[in-house]
Amino acid sequence: MSLSRLHIESFRNISSAQLQPGDGLNLIYGHNGSGKTSILEAIYFLGMGRSFRSHLSQRVIKNDDDALTLFANMESGDEQSKIGLRRFRSGDIEVKINGDKVKRLSTLAETLPIQVITPESFSLLFEGPKSRRQFIDWGAFHSDPRFYAAWVNVRRILKQRNQLLRDGSPYSSIQFWDKEFIRYAELVTDIRKQYVDSLNELLKGIIGEFLPQVDVKVSFTRGWDAKTEYAQLLETQYPRDLATGYTVSGPHKADLRLRVGTLPAQDALSRGQLKLLVCALRIAQGKLLKQQIDKKSIYLVDDLPSELDAKHRKLLLQQLADTGAQVFVTAIEPAAIVDSLITPPSKMFHVEQGRVTVIE
């Protein structure tokens, strides 16, 4: 999957921009505040329906404009398609794929798989299990068509179950919901575990490239005792759930554990090593997607020179090239990226005050 044309309108400080990216690495450079990161953000928004920089979508709409508009032509092998999105300041959103209206944002994610490596993405190892569940679920969503519906049902029933607990309902009332909840919870858990097992096979070699002197162990924890049946646990744990007002254990507590020896990776590794570990995780995820469903991710890499030294920049860029994916990289100075590449970028763009110029 790659973008052959990108149109951005009323997004952050970009009034209007047209890009024709290359299939390989696209270098976007400019001063801080020029709008180069906004291009990455716009691509992400087109694939996810939201920003990776702000939870408030209204903030990305330029000045007093009523809406932002994003459009792209996509290519995957011999197949070509079009995707368009308009987000209004009111919160409404319109999405079209090949001219047909799309109701679910999950269809965007399925159509345009995106991986992000930004200064903020390193929080994967620090912000608690939620971000790591999202990491797992990205892969589970793309690898197994059953996952999304099961995940939606888990969230729906969990919300209902927690409300019953807050209302002080007897277990007989909650048990009615538990039968369905258990079925979906176990399916979500099985798909997650299968995905992490597959990821691990690729990850070992990639971590070895980035951190050859470090033995990192990656494991999946499902959110409750592996030796206990979930149905039994929900029943025996009812008094505790009732006291707390929410379901203490379950797939909503799943996690991806990364350890070095007996220590969590975030305690055993330096900040620089942790950055490399996150890069390895993202690279492995993209490679596994290609392996499982023959679809390439699009990589968005923001402010790479400030995050990695020259040696590791070169290593990351080579690993990205090996995926065969389309890559968008930002930098203040182009030399910081160009000097780390074996071959020149497919395309170079300069951004200044929201205006984008292609560099021939």
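Yeah, the Cβs are placed from backbone N, Cα and C, and that goes for glycine too.
Annotation source Swiss-Prot lists ATP binding site at GLY30, HIS31, ASN32, GLY33, SER34, GLY35, LYS36, THR37, citing sequence analysis. Listed in sequence order, the residues of the same chain lying 6 or more apart from SER34 (ATP binding site) and placing their CB within less than 8 Å of its CB are VAL351, GLU352, GLN353, GLY354.
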- Query: Once GLY30, HIS31, ASN32, GLY33, SER34, GLY35, LYS36, THR37 are set aside, which residues in the chain still have Cβ within 8 Å of the Cβ centroid of the ATP site?
  - Reply: SER38, THR330, ILE332, VAL351, GLU352
- Among ASN32, THR37, all listed as binding-site residues, which has the most CB atoms within 10 Å of its CB? THR37
- Going along the chain, which residues six or more apart from HIS31 (ATP binding site) have their CB under 8 A from its CB? ILE332, GLU352
